[in-house]
Each structure stands twice: as C-alpha cells, then as structure tokens.
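Participant: Following this message is one structure expressed as structure tokens.
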C-alpha cells in the first residue's frame, strides 16, 4: 500500500490551464458532499465563518487595548472628530456586552451604561412625550449616584406621565441608581399595579410607592417627587427646630411642612393627615426622623429644590457642630434677605438681550445634562437653550450677494430636480427680498440709446427710495384717522351705506370713478415736466393730425356685393359700346341738339371743370340734385331762362366716384361715357342746339318737360334678367 501511495504524494501540481473541477477526482467523498450541498446552506456557512472571525477579533484583549490606546492618544492631542466618537462608541459596546471577559480598565467613564437605550421600535408604544420623561428620570438617578446621595433602599424618583390615566414611572426594586436606564423604568398606576413592565425582570416596591401615591392623590398639581434620606437630611429632620435659615440655600428652598412619618401609608387616616399637613402650595415635606421629599411641577424644579435642600442641611449640620448650639447662630430674616421670588416661572435673559420664559431650575438642569453627555452617558435630553450661540445673519445684501445662495458643493448628495430647485431658489429670493432693510421703488426711466434712435419708450428699473428723484414738490397727506376724508357733520349711517354700496359694486365688478374727496376738490394737479412725457404727448399729437388728414370720403358702394358690382361694370361697358355706335351715326344727323352740344366751342369753362372735377362727397351731390330740381321747375315756368352752370343730372358724380374707387383704368372711360348716358336713354332731357343764350350756353326748349329724379341705372334690373325670371 505504501508503494501505491508514494507516487500520489509525489505527483506534481496540476497545470494552471487545467479547469478547476478537473483537479478533484469524482470519487472523493468530500467533493461529493460539497457538490450535493444546497447553495443557501453553502452561503450561510460562509457568513458564519466570517462572523466567527469578527467575533474573535472583538473578543481579543490585544485589540481592545490597542483601541483604548488610540482613543487616549487622540484625546490628548485634542482631536474631537467624528472618528474618535465612533471609536468610543465601539469601546462602549464592547464594555457593556462583555463585563466578565475583560478586566476593569482605567477608562471607567466609557464603561457606563447609556441612559437613553430606547430604540425606534420601543418608542412606538410610548405615550406622547414619554421618551423624554424616561430620559429625565434616569438622568436624575445618575446624578444622585454621582453626588453620593443614593441609598440602597427607598431612594425613589417618580414622575406622573398622564393626569387623565394617573400613570407613573418608577425604578424597579433592587436596581441601583447607576444601573437605571430609560427602558428599565416601570409604568404603574395610582395603586402601584404594573401597567407596562420595563426591560428588567425586577418587581415594583409597592411599600416605597405608597408615600408617593398618597402625595400624588393629595396634590394633583405635582408631577415629580424626589425622596432622599441622606445623613444630612436625616439629621435635620431629627432636630426639633427643623431647617434654620442660616444660609442662602435655606432661603431658596421656600416654605416647608413637617410630618410624623411611621414608614407606612396604608391607613386612610394617615393619608388625611398627610394632606392636611402638606397644604396646597408647599413644595418641601420633612419626614420626622426619616428624610425629606421634594415636590415639583417639573423634573427640573424638583431637582432644583432637592439640590438646595441638601446643601442647606449640610451647612446647618456643620454650623451647629462648630457653633455648639442654636443660640450661637445668626438667623436670616426671610423678608429682608429673600434673594429671589421663588415661583414656577422665572425670566431668563440679560438686560439688553431677548427675554424668554424658562422654568425654575431649567438652566441648572441643562448644565448637568451637558456634563453627563460630555462624560458619555448619552442622556437623550432635548435642550431648549443651545450652548453655542448661532452667528448673527448679515442684514446687508451687499455683503452676501445673491450668487452665494445658489452655490452647491460637488460632494453634496444627488442632484435636486430642476423644477424643485427652481421653486426653492424662488422661495429663497423672495425671503431675501422681503427681509432686506432697503426700500425699493419701481421707476420708469427713458433709455438714452432708445432716445437717440427716436423711440421715447421708457425702461423700467428698481431704485432705492432715497435715490429716486421726486417729480413733484407737493406735500403728501398723512392719514391719521380712517375717517379723515369723510366730510364733517355727516350721518354715520350714510357713510356705512356708501361703504356697503362700494363693496357691492366691487363684488359685481362695476367700474366707476368712486367717491370724490371734498378736501382734494380744489387741488390742481401740476403738469409733469419730464422730457419723456412731453415727447409722448408730442408724438400723440402728430398721430392725431395724421389721422384727421387721412380721413376718406365714405364709399357709397360699400353696401353692394361683389356680384352687383360686376353687373354694374358690364352695364357700363355695354353703354359705352352703344355710345360709340351713336357717335359714328352722328355726322348723318347734323340737326341733333344732343350731338352738337359736346362739340360746341363756346361751352362754358365751368361745365368742363365740372366734368373733370375730383371726387365729390355724397352730401354735395344730394344738394346739387335738389338745386337741379328747383332749376328744372323754373325752366318750365320761364322758357327764356337758361340752365344754371354746374348742374349734375341723375347723380352723375356718384357714378364717377364709384368708378374711380373701383379701378383707375376704368375711370377715364366712364367719365367720357357718363356725359352722354342721359342723352341716349332720354332724348327729351337733351339741350336743343337752336338759339344760344348771350352767355354762350344753349337754351332749353319749352316744349320738352324735365322728368323727375329717377333711380340710378345700376339699381335697376336689366332686361335680360327680367326675361330670364319671366
């Protein structure tokens, strides 16, 4: 067998190019077991191996010593960065989880159990504000332990959680003050029955809670009770004269009550006697030959009372032991030497600083909480007064330009969406604009470049109120009375009715000039002398003159349709063709007065000017038509009178005006045709070529009568249309 195994042991390693699975033989049992194992189990085994290594490193004494040495070295250098705090938390975790494994270290502060050990899941079941209450009570227990006031039994601090349900917080029996945490407190009712058990497995001391429950029942205003029986307080409680006003701390304590305490409060008579002895306002209760109890509306006030009471008892015991008797002590009068008015609310702040309300003993309690936090107790206390004052923000927008607010560092988180970023920037700009100490006015200033180009359009800019030049020298009216502009000796009811009427108009969107002020009725508004307004007025005047000059005569054919205008054009062309045919036959009829009239050389120049005159308004043509009818009547009565010059027959100038508006090319043809339109249609209206008047105008025949004014030809229906319709 040895000969068979030797070649296998001395076999060379597999080449690098060989696949991984080919390196193992398929008959190997270890390979078969690994291959048949599930993937989830394989991953779990790997994680367990990694955790085992981490646990071994954390449990090694060498690693802990190295970590503590690193923290001490960095603390000596004055480095208080976040990395040191993280290392300190790791050391606290190692110290709190493995007390028996490691020896006691010189860094005993870091080995303290944190006060605030409530996690997010634990806080969900708590009442409103209960988390902070638990942290405060646990912090008071730690302070009692640090000051050396804690005793092995009956040293309890209780707190009322809610007045409606009468639930209270108390530490479990058998837990020392240095071990109390926020989660280990037990919630009980007024009878001492457990409502909510803490993280510890210890019970509640119902005998010790009887005194607290009796005080809570007698005084509903009390929320916190601290019970002490230190040597100093027990000695003062055994003296016949009680606490003497021999020190400043004794005056700060306030009124005190004394009660003969037998150790139990089970009987109803004991509770009644305690209630009579305590009274409605007393905050200190001295239990004869036992100790003291401090009451408070808050935890801060109760600790403030017990702190000064303990100091006053220590001073009194020391003074009596050194003086030899009460007759050798100087007692202070409370009326003369009262330093402060002891109350539930005090004012905190300097003479020139902002004044704000603070509870009694709140500043002192916050200082002690900062001390515990610096020692690593992690109190979880919420500070109302920050220790480091924030820097005052600059009010001048010149020192901090607007571009600084929009600056973003590269190491910031993911980029904000553009719409949200724009909204945030708008809000910041609005806030900065509203908080600015400067006052701006919107001013219209004429731009120099635009003024040189001839455009008087102003440019809108924002200027400071001090830099704006006042356009008028008038004095502004200061409104001192809301009814300043109401006339004197008026009925208030009328004023109210007018106000309601104006409001009703505003609701209905009725625009009006509004009420006029009688005080300002005689004030004459001065005309603005600014160059921009003058230029605007001049330009407006020029535009008005241009508009007046460009006014045209109203078109008499504006109401006609395109089809009617086309028919009118065709009719004019047809008449022109008929006139051309008549002109060709004119030499054969020399006696025709209608054809000899246009060729007469003695024609009046007024008539030629009338035929070649420009556009005439319809009103003028109507006036001429009336004159024409009058002259025609006169001609019938007086046959020897001549026809007046410039008479227009059958509205010829209206047709001439329409032709010039329609087309310039047709205007010349229509003017020549219009002179003979009436002669072709009505031969009786033509002027005879017989005897001439002395002025050179042809006289009218008395036998032929003038017809009345008939409708224009374009308004009549043509014969062709009549035939088609028939």
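Each Cβ is built from the backbone N, Cα and C atoms, and glycine gets one as well.
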Participant: Quick test of your reading of Swiss-Prot: among 467-486, 487-506, where does it put region 'Disordered'?
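Facilitator: The listed stretch tagged region 'Disordered' in Swiss-Prot is 467-486.
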Participant: May I ask you to indicate which of 405-424, 425-444 is given in Swiss-Prot as region 'Interaction with calmodulin'?
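Facilitator: The range carrying the region 'Interaction with calmodulin' annotation in Swiss-Prot is 425-444.
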Participant: Within 10 angstroms of the C-beta of residue 60 (phosphoserine), what count of other C-beta atoms is obtained when all protein chains are considered?
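Facilitator: Step by step: centre on the Cβ of residue 60 (phosphoserine), count other Cβ atoms within 10 Å, giving 11.
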Participant: I'd like the Cβ neighbour count for residue 55 (phosphothreonine), meaning other Cβ atoms within 10 Å of its Cβ, all protein chains included.
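Facilitator: There are 10 of them.
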